[in-house]
Amino acid sequence: MIELILATIIIPLAALITGFLIPGVERKVQARIQQRIGPPLLTPGFWAILKFFYKEKIKPNSPMPRLFHSLPIIGIFVMFFAVLFTTPEWWSLNALGTVVAVVGLLKVIEFLFMAIGSFSRSILSVSMPYADQIKGAVMKGDYRRFFEQQSVLRAFKMITVGSFPLYLAMFVPVVLVKSINFSDIVQFQGFDASFIYPGGLIDLMYLEKILSLKPILFTFPGMLAGFVFFVGYIMLLNEYPFSIEKAKSDVIEGPSLEYAAWARGGYYLMRESILFALSSVFITMFIGLPPTLNLPLLLVHCLLCLIMPILFSIVSAFSPIFTFKQIYPVSMGFTALGFLAMIVSLLAVM
Amino acid sequence: MGENARKDKAEVEVPVGLLHPAMLEPYRARFFVEDEVIVDCELTLDPYHKGIERIMEGMPVHKGLIITERICGICSHIHLWNGTRAVERGLKIKVPERADYIRVIMAELERLHSHLIYLAHATEVLGHETMCMRAFTLREDIMDLLYIISGNRVHYAVPILGGVRPRCDIDEYRLSELETRLAKLKIKIGDYANRVVNDSMIMSRIKGSGVLTKEEAIKYAAPGPTGRASGWGVDLRKKMKEYKNFDFNVIVLDDGDNKDRVVARALESIEAIKIIEQALESLPEGPISNRSFELKEMKFSTSYIEAPRGEIYDSLALDETGRIRNYQNRTPTLTALAAMEVACIGDQLTDGMLTMASCDPCLACTNRAIVVENGKERIFTEEDVKSLIRRGL
Amino acid sequence: MLKKISRKNAIHVMLFYTGGCNGCDIEVANVAWSPRYDLEQYKVILTWNPREADVLAVTGPVLRRTIEPLKKLYEAIPEPKIVAAVGSCGVRCGIFKDFGGELGDSDEVLCRVDEVIPVDAYIPGCPARPEDIIAGIAAGIPLLLER
């Protein structure tokens with residue numbers, strides 16, 4: 001019981017600290033690719049958020065301000081639960097430690113982007129005080145759409161199109177292990193109870209044990225699935241090149257335009273927690289190292305969680321925004337690759 | 001996408017503007033979309049109207065011409081040159097050959113910096129931050145050259161009536177700097193263009209979007225590189241006497257899509273470097289300005305010039321004391337953006353923004369007057385304009 | 001204490017063009033995007049969203065059609081905020097005011113930026129140099145910390 005409570009406190013804390021680093025690492029990698037120095041590691045992820053908490057609280061232009069402001073907090077909690085479901089301490093609690101539960105939580109996140117966008121009415125588009133409806137114009141639009149509403153439509157499309165690769169990839173280990181429980185998935189890769197409570201606190205045994213893991217990632221279907229997961233990860237996060245939902249060149253920032261002060265900090269925290277949670281789920285499922293109470297293991301886990309953001313920041317530094325013209329074929333292609341991984345893993349099991 | 005008849009009703013309107021990363025300058029675009037596809041587009045271009053033509057009425061010509069430079073902060077030299085050129089043509093002032101060469105060198109340097117801003121802006125609108133920053137890196141070298149020659153990064157004030165300002169003469173140091181840096185830059189710009197053209201992700205975005213056919217380009221009089229990318233090969237530089245000593249190609253491309261507009265600029269930058277190299281090789285000796293002229297009454301005089309974005313038209317008259325009368329200026333963006341209104345029809349909304357940016361809009365010079373009657377805005381409709389024309393205005 | 005450190009370490013700059021000639025606008029964008037100047041290494045980040053911004057950089061004189069948007073954008077920025085008027089036009093209306101010929105000034109050019117919204121940093125120059133823009137924003141930071 002104590003372990004459960006400790007895990008519930010310490011693991012989200014570790015997630016937060018790693019999350020603070022991730023945007024900085026991401027920005028730094030991009031900056032180095034762009035041949036400039038770039039911001040310090042903590043600036044985009046930590047100090048910016050802290051600064052927003054110290055800004056004036058203003059009422060957003062929103063039909064439902066309170067709900068609008070509470071959505072990022074919901075997102076943060078949802079993502080923390082997604083991480084907690086994968087921890088060994090929570091397996092004993094109930095049947096929540098399954099891939100299906102995490103998929104359900106990720107669906108909530110996808111929906112949250114839509115909800116955020118539909119409650120926001122930014123000054124930057126329709127409500128800009130500027131007389132533009134010209135008398136002589138032939139063309140008449142029935143309804144004037146805010147940027148956020150445009151991005152809600154896009155988010156809706158992304159839910160249907162963009163989420164196939166991620167979820168397909170997440171079910172490849174399930175097929176290989178023949179179980180949806182995280183406990184079975186990590187045990188399949190060689191993780192057992194002796195990992196959590198070995199002899200001493202700091203011991204070379206950890207390294208040996210981690211090296212003795214047999215990750216699914218290093219099998220053929222696992223490698224395919226890992227690749228597909230990576231693309232799905234970028235799609236779910238709406239990062240370049242799949243950032244159509246918040247494409248800077250036409251909807252500026254998309255759903256989050258109206259967040260100010262602490263809510264904006266909350267929104268960034270939500271993004272960080274999604275980043276961490278998805279990486280963490282990947283490490284758990286494909287490398288077989290769940291976040292545990294064991295601090296050295298947790299440290300290794302958090303460091304491994306930085307790999308995915310670094311990889312995707314390299315990809316996003318070299319890619320433009322895709323419109324749906326490009327997203328449909330790309331998504332279909334990676335879905336096909338996911339199916340291939342699924343079939344290969346089915347053959348491997350049989 | 002000109003063949004599609006323009007409809008008169010759309011589901012939804014997405015107004016974009018005044019402050020937007022893809023525009024940089026304030027203008028208002030109303031995109032009429034059905035789902036994601038643009039059905040029509042309408043631009044309102046007046047927020048920037050400053051009434052420069054009116055300020056200049058009755059101003060001494062030397063003072064007034066400096067204001068022409070402040071029309072635009074990107075192609076400032078061209079505006080000043082064109083104003084000066086109009087007066088020189090009207091008063092028949094002879095310009096020394098060396099001065100013409102220096103003016104051409106500045107104009108081509110400016111074309112380089114304008115085209116590189118274009119490449120940076122277009123890639124930024126594409127969402128490709130890395131390529132945007134690389135274009136800005138290349139541009140800094142040119143800004144340095146402009147700074148070395150004129151002493152300012154923008155607004156160089158090089159031409160003066162009858163020649164160029166003495167501080168802008170190209171001496172040994174400036175000559176060697178120009179030669180060494182441009183040689184390097186030529187390779188770098190070529191590499192950059194190759195990198196853009198060979199990137200399949202960028203090409204998937206810019207190829208085939210925002211198609212402007214040759215007929216549409218001629219109909220809307222889309223000038224400069226925008227028209228040349230659609231196969232309409234007009235380049236005023238071929239007709240100007242200042243350029244007759246230089247050998248350069250007019251870049252004409254056929255597709256008329258965003259890719260061609262980007263590629264046309266990249267190729268033109270290389271041509272611009274060629275012109276500068278030729279000018280530096282055969283830079284004639286002699287005086288750089290001719291001060292032996294008299295300001296007298298001048299009939300209406302006009303001048304057309306090839307600016308980085310297309311053609312600029314300036315016309316003005318002088319009264320007997322050398323004050324400006326009836327200054328008029330028409331800049332290329334006015335028609336280029338109008339053509340883009342048609343070119344973006346049928347594209348995705350995100351591509352529409354790119355198309356808008358791909359004609360290299362420069363709004364500072366473009367904005368036109370609005371008429372205010374009894375405190376209410378009155379916008380001229382087609383009938384109004386026709387009636388005005390009938391009344392002889 | 002933490003408040004000051006956090007504000008010092010992350011500053012978001014927003015740019016609004018009220019109607020200059022484009023020179024200053026390009027220079028501000030240049031400061032942010034050109035790797036030579038690289039505004040981000042000084043912990044200053046360019047944004048396009050008023051809800052996120054701390055510093056509003058205004059270039060150009062205030063024109064008839066841009067005065068309302070300028071006021072609205074200024075109101076949309078949550079406190080604490082500072083305003084930097086960039087370029088001669090932002091500071092003194094530059095060449096477009098008090099300079100007219102026989103017909104006088106333009107009616108379209110209304111006033112200086114500081115007659116509409118309080119300005120904290122004046123960055124002169126036609127156009128303002130990138131170094132000056134960085135220095136101007138840096139000069140405004142102590143004000144930001146106090147508020």
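Each Cβ is built from the backbone N, Cα and C atoms, and glycine gets one as well.
Annotations in TrEMBL come from automatic prediction, not curation.
The transmembrane segment annotation in TrEMBL covers A:66-85 (among others).
If you look up TrEMBL, you'll see A:91-113 (among others) marked as transmembrane segment.
Same-chain residues lying 6 or more positions outside the transmembrane segment (A:155-176) and placing a CB less than 8 Å from one of its CB atoms are 99, 102-103, 106-107, 110-111, 113-114, 117, 185, 188, 216, 219, 221-222, 224-226, 228-229, 231-233, 235-236, 238, 242, 244-245, 254-255, 281, 285-286, 324, 327-328, 331, 334-335, 337-339, 341-342, 345-346, 348-349. The transmembrane segment annotation in TrEMBL covers A:155-176 (among others).
Within the chain carrying the transmembrane segment (A:216-236), a Cβ under 8 angstroms from the stretch's Cβ atoms is held by residues 106, 109-110, 158, 162-170, 172-173, 176, 185, 188-189, 242, 274, 278-279, 282, 285-288, 308, 311-312, 315-316, 330-331, 334, 337-338, 340-342, 344-345, 348, all 6 or more beyond its ends. Here TrEMBL flags A:216-236 (among others) as transmembrane segment.
Beyond the transmembrane segment (A:274-292), the same-chain residues lying 6 or more positions past its ends with a Cβ under 8 Å from any Cβ of the stretch are 7, 11, 14-15, 18-19, 22-23, 75, 79-80, 82-83, 86-89, 99, 102, 106, 109, 170, 173, 182, 185-186, 188-191, 195-196, 210, 213-217, 222, 225-226, 229, 233, 236-237, 298, 300-302, 304-309. Per TrEMBL, the feature transmembrane segment maps to A:274-292 (among others).
Per TrEMBL, transmembrane segment is recorded for A:298-318 (among others).
Annotation comment: TrEMBL describes A:330-349 (among others) as transmembrane segment. Same-chain residues lying 6+ beyond the ends of the transmembrane segment (A:330-349) with a Cβ under 8 Å from its Cβ atoms: 161-162, 164-165, 168-169, 171-172, 175-176, 178, 219-222, 224-225, 227-228, 231-232, 235, 322.
Within its own chain, the transmembrane segment (A:298-318) is flanked in space by residues 10-11, 14-15, 17-18, 21-22, 25-27, 29-30, 33-34, 206, 210, 230, 233-234, 237, 239-241, 243, 275-276, 278-280, 282-283, 287, 289-292, which lie at least six positions past its ends and keep a Cβ under 8 Å from the stretch. The list of residues near the transmembrane segment (A:66-85) in space but at least 6 beyond its ends in sequence, with Cβ under 8 angstroms from a Cβ of it, reads 7-8, 11-12, 15, 60, 96-98, 101-102, 105-106, 108-109, 112, 115-116, 119-120, 182, 258-259, 263, 266-267, 269-270, 273-274, 276-277, 280-281, 291.
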